[in-house]
Amino acid sequence: MTRILTAFKVVRTLKTGFGFTNVTAHQKWKFSRPGIRLLSVKAQTAHIVLEDGTKMKGYSFGHPSSVAGEVVFNTGLGGYPEAITDPAYKGQILTMANPIIGNGGAPDTTALDELGLSKYLESNGIKVSGLLVLDYSKDYNHWLATKSLGQWLQEEKVPAIYGVDTRMLTKIIRDKGTMLGKIEFEGQPVDFVDPNKQNLIAEVSTKDVKVYGKGNPTKVVAVDCGIKNNVIRLLVKRGAEVHLVPWNHDFTKMEYDGILIAGGPGNPALAEPLIQNVRKILESDRKEPLFGISTGNLITGLAAGAKTYKMSMANRGQNQPVLNITNKQAFITAQNHGYALDNTLPAGWKPLFVNVNDQTNEGIMHESKPFFAVQFHPEVTPGPIDTEYLFDSFFSLIKKGKATTITSVLPKPALVASRVEVSKVLILGSGGLSIGQAGEFDYSGSQAVKAMKEENVKTVLMNPNIASVQTNEVGLKQADTVYFLPITPQFVTEVIKAEQPDGLILGMGGQTALNCGVELFKRGVLKEYGVKVLGTSVESIMATEDRQLFSDKLNEINEKIAPSFAVESIEDALKAADTIGYPVMIRSAYALGGLGSGICPNRETLMDLSTKAFAMTNQILVEKSVTGWKEIEYEVVRDADDNCVTVCNMENVDAMGVHTGDSVVVAPAQTLSNAEFQMLRRTSINVVRHLGIVGECNIQFALHPTSMEYCIIEVNARLSRSSALASKATGYPLAFIAAKIALGIPLPEIKNVVSGKTSACFEPSLDYMVTKIPRWDLDRFHGTSSRIGSSMKSVGEVMAIGRTFEESFQKALRMCHPSIEGFTPRLPMNKEWPSNLDLRKELSEPSSTRIYAIAKAIDDNMSLDEIEKLTYIDKWFLYKMRDILNMEKTLKGLNSESMTEETLKRAKEIGFSDKQISKCLGLTEAQTRELRLKKNIHPWVKQIDTLAAEYPSVTNYLYVTYNGQEHDVNFDDHGMMVLGCGPYHIGSSVEFDWCAVSSIRTLRQLGKKTVVVNCNPETVSTDFDECDKLYFEELSLERILDIYHQEACGGCIISVGGQIPNNLAVPLYKNGVKIMGTSPLQIDRAEDRSIFSAVLDELKVAQAPWKAVNTLNEALEFAKSVDYPCLLRPSYVLSGSAMNVVFSEDEMKKFLEEATRVSQEHPVVLTKFVEGAREVEMDAVGKDGRVISHAISEHVEDAGVHSGDATLMLPTQTISQGAIEKVKDATRKIAKAFAISGPFNVQFLVKGNDVLVIECNLRASRSFPFVSKTLGVDFIDVATKVMIGENVDEKHLPTLDHPIIPADYVAIKAPMFSWPRLRDADPILRCEMASTGEVACFGEGIHTAFLKAMLSTGFKIPQKGILIGIQQSFRPRFLGVAEQLHNEGFKLFATEATSDWLNANNVPATPVAWPSQEGQNPSLSSIRKLIRDGSIDLVINLPNNNTKFVHDNYVIRRTAVDSGIPLLTNFQVTKLFAEAVQKSRKVDSKSLFHYRQYSAGKAA
């Protein structure tokens, strides 16, 4: 009921609106508008024919009439109603580079504004001769729409076709120049027509003099050369009485205060009467200001005596960068012209603006008179409004008098910043990966290092994330010095003292680096040591992170924010909510990924969430909830000279209320009008300028779905997850550019590395769209709800590229998990919908599976109106989703004989995979592939080039699509294919990206061409300059085969990307792919648990008793024969998925069902679980069955904790030499038996001198970066050379006979967990992996290394009290630990029985009550109260499966996590912690290179 009431309040709020700063009342939100569907008949075909003979087929959605004209392209991302009504397109057939057109339908084309001008259009109707698009949205949705685009075109008798490869057309025009063309329908032949021979200006100009703004004080004559309506609006708005005159009107004798010439189409030289009239003005004594726009610039230049020329491909779009020559300011402009002025300006005139990219003239000015003109459109619509100020300058000229020039009235630019002189820069990384802060910072940090090295600046990198690429110590792209240390003020201060950097970069290390930098600033450390923060200042960072300062800053510029209060207590939070009214949203200051945030429908929820939030921060913001509004993001770049560009705008498919990290996101935005797009863009730039951001930042908006009302949600003054997504979506290297800007380099001087020719001062155009979908692993966390909200829960994400929404969307869904077919009503991983499913609740309460609930609702014939009401998802997206399911229904009615080429092609165009189609047709995937290829249906390879094909690309950043007609690249490299890791998830994270990058770099160093396939936008491996060809694509059998055969690759490396590519080994091998390294057949034998165990028996290699089971009875019988506990393991899984230690018959039933669901095609193996054993990892490289490189590390924890969650020690600390020799011997036998050539990992149990094999993975493991960096030998470099048959120098490798064992240091790898984000999850370690990241540190001994590693995970050394809760069986071993902690001065608290035992053994302890018994004994304090008031700042909780206080222990653990208190749940880790605290009172700041230098010195 509470949820229903909350939903009702949200809807009521959305309908009636509430008070925002500077927001006017708006119309009520109508949940949907009816889309107009075309008649269900076959679309009429037509062709676009070019004068060079090119002929392309398409389908009509406009008027079915043939037409001829000049074919041009526009690279703008929005505003098609404004674009097609621009008079400058008269006589032209317009090609839209934006692939999806018609999303918002058409506005009321009869509506007029207060001036009598068309309200939403730029003229009195459509001016293009024809329209060419790739994909047309037959179903539209926008609150201003009254009809479809197709209907409008038909009304005005304008032909339009879709299904055209518009990128191919653009490239033809780019390479051959603008050319004539025609849209032809069957039976309607037309001849080519050259509109440039016609006086198009005369055709679009008014025939009569018209007056607008009558009675206004300033008289402006506007010469209509095809003037846009918005020019007139802007003039009248500034107080002009506008006299609009025909192009050939003699205005030379008219009285006016200023004259404006604007338009227009065609060849300006044909407008001779106008040129003569302007010449008279220029040569007369009249000095009233003259302002020319677009054609007005050309006419003014011709009248002055200059010449014009026809451009080869014209400048038409919304992202053209121009530079003001007089003050070096750069602007992004909208343009639409095919002619330009040459360099023949006479004396007295000079250029005013120049195009940054092609150096063409963009404006002229008279040196002594008030005459000026610009080639671009400052009045825009569609496009950016950055240069609208020129209208103000024009009016300033009028007011100032006649004897002045334009330069005297232009806005004064910000002072030009000088280059920042630094010689050494400290870059702070983000530390280990956690939810909300993942691999995107490895990518951004790596880019920053590269940028610094290009500018000859030395770099010191501080980051304990040993699995990251950026922490490599050797390589051309690496930092000069790397510190594996905690990112805390204490350690950073020590590094500053030692390294003496003069610059500091905070924006590349996420919230960790930002918060640390702010604290260093507050402590005065940066000032004391003379360290400059590069890029955005700390003051600006604080203004975005402190919620009150942020609110105050926005109010200074009257920007729109939700009503809010920054508070520092729960009491004040409750008061704020009462003032604002529920529901409210709370947000934490200095927090990441929405941590500490949530929607509070009532007082109780607010108390609960604010209590948890204040455990992490000292300030929260209580604001009005805007749940249900659209969430829009902009990535903004600003340099120190105040040049600004918005690199990407993104739209969350999920509405406000779901954290953007957990939302499906598309780029560019798909449901915004030009007015909405530009309003938010302009606001973004205003805010970024006001806050003083220098570099890159992300700004998030809530936009009302049926009005222009918006509010700013937050600004991230750093690189973020969205930044990485925007970089990969556009090809614009944001982190690299931001790092250059931090050095004071202005944007116009930075090259666009993709084109190699153009400037980085531009806004990318996309002729494709991308979809990002999060990857969750919530099933792994017992007790965690699948519901998602304002606090992020996803552990990774994928990004798919397509040319239709459906294609991009379905690809992205499949990328998330191999079990996902696409957009279907079926749940992933073979799960079933519950029999009591409440579908409406599933839709109204966002969850990790809601997208499938939407599919089910559509499949169940729920109306889209109802789905929209329940989800707040824009109906345009729902229309597209419905189209996918309609196609599935169509396919299910067909078979291989009845399937037509057209239907199969359409299915592929909207993202259906072969596997998906095969299930509909009742075929195998191989049969569907054969059917498709027989019909000659294959994908096309397209480039991402940042400029929608306007300029050639020098990089090979690629994707695959069925929406095309040609490839963008050739395929003569025959490179080596390397498969990446796919989305980050539990068990597969940045360590596998490190492996892939290491392999790629080795291949390139050996002179091999590389072809990389991956779909993860957070990775370094998807940085296009890491390889020769990057395919941002699915890691599926179908797509890998497509690419492999198209490229004719020399082979495929599958062993460096984790389990996803490893699982493809056998299917790829069976389809003729040459798998490099270990045979796929051997991989299959090792992955199948039963076969592998049988091989070990043959080899006489010891393992625990085992049995492959297929039924519950077999499992129960085995358990009975060996006694519980048993270990249950499925095959072909990563990170212990569905792996469990089973202690009882009930658990066996439960866990066996889960394991068989996860691994349906392979048996489940049961082994006897050996208690009290230590686990040992063997990471190795084999060559033809011989081990040539190895490292042995030891787990701190006893067996039972997944290796990914274990704390690793290298070298081993407690393992006997005899046991190590047995480990080596078993490894030797396994390598030989499986003929291993490449990387592999074997896990062992060691108890005393007994050694048992657990499992073997014939691929790289997650510990490869750790052992490689610790030993100074890149295991993947060695493995790659082995796999491709290169010679390997074994003399310096750690072979089994000659190991490399560090003598002067110990390395500790510690796991990173994200328990605070996983509400209600039990933070205890099991066989199934739960950690999200890892860190590693080094010390002279185990204790200093361990403390550094623990501190790097965010662990805080306790200062006050420690709560001890241990199960009775731990007591004998724990007494010494308790004594050590007491002797170190900690006050000990313990549950009653444990307290009695400690006191009886002379260890003072204060008894406390179990949570379930609180209040029963007044003399016992409440554990939860002691934790929350800070009396306890460490919790040690050591339960086992036999404890009767299961729930109480869970409550204690959860309370600690929710209160931000460190928690230890493993005895061995607790013991090591107590020893470390006792023995390492002061932790040094030495890192790996210090110990290496010491070892080298000793050796010398």
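The backbone N, Cα and C atoms fix where each Cβ goes, glycine too.
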Query raised in the report: Which candidate in K28, K1009, K1224 appears in Swiss-Prot with the annotation N6-glutaryllysine?
Result: K1224
Report task. From the list K624, K728, K1029, pick out the residue that Swiss-Prot labels N6-glutaryllysine. Result -> K728
Requested in this report: Could you let me know which of K147, K219, K497, K1387 shows up in Swiss-Prot as N6-glutaryllysine?
Outcome: K219
**Report entry** Residue carrying N6-glutaryllysine as stated in Swiss-Prot, selected out of K30, K210, K253
**Finding:** K210
Report task. Consult Swiss-Prot and report the residue, out of K90, K127, K477, K1074, annotated as N6-glutaryllysine. Result -> K1074
**Report entry** From the candidates K176, K450, K1425, the one which Swiss-Prot records as N6-glutaryllysine
**Finding:** K176
Query raised in the report: Which one of S835, S913, S1485 gets the tag phosphoserine in Swiss-Prot?
Result: S835
Report summary line: Cα-Cα, S537 (O-linked glycosylation site) versus K1479 (N6-succinyllysine), nearest Å, comes out at 40
Report task. Could you round the CA separation between K612 (N6-acetyllysine) and T1394 (N-acetyl-L-glutamate binding site) to a whole angstrom and send it over? Result -> 28
Report summary line: The correct three-state DSSP answer for T1391 (N-acetyl-L-glutamate binding site) is strand
Query raised in the report: At the Cα level, what's the spacing in Å between K219 (N6-glutaryllysine) and N1437 (N-acetyl-L-glutamate binding site), rounded?
Result: 82
Query - Nonlocal residues around S1079 (phosphoserine), in sequence order (Cβ under 8 Å, 6 or more apart) - result: Y1069, A1235
Query raised in the report: Cα distance, K1479 (N6-succinyllysine) to T1391 (N-acetyl-L-glutamate binding site), nearest Å?
Result: 28
Requested in this report: Report the member of K612, K772, K1168, K1479 (the modified residues) whose C-beta atom has the most other C-beta atoms within 10 angstroms.
Outcome: K772
Requested in this report: Express the distance between the Cα positions of K908 (N6-acetyllysine) and N1449 (N-acetyl-L-glutamate binding site) as a whole number of Å.
Outcome: 53
Requested in this report: Find the member of 551-743, 1093-1284, 1355-1500 that has more C-beta pairs under 8 Å to the domain 'Glutamine amidotransferase type-1' (219-404) than any other listed stretch.
Outcome: 551-743
Report summary line: By Cα geometry, the one of the modified residues (K307, K560, K905) nearest T1394 (N-acetyl-L-glutamate binding site) is K560
Query - Cβ neighbours of T1391 (N-acetyl-L-glutamate binding site) where a neighbour is any other Cβ within 10 Å - result: 25
**Report entry** Pairwise Cα distance for K228 (N6-acetyllysine)/K210 (N6-acetyllysine) [Å, integer]
**Finding:** 14
Query - DSSP-derived helix, strand and coil totals, residue by residue, for the domain 'MGS-like' (1355-1500) - result: 72 helix, 26 strand, 48 coil
Report summary line: Under a three-state DSSP reduction, the secondary structure at T1332 (O-linked glycosylation site) is coil
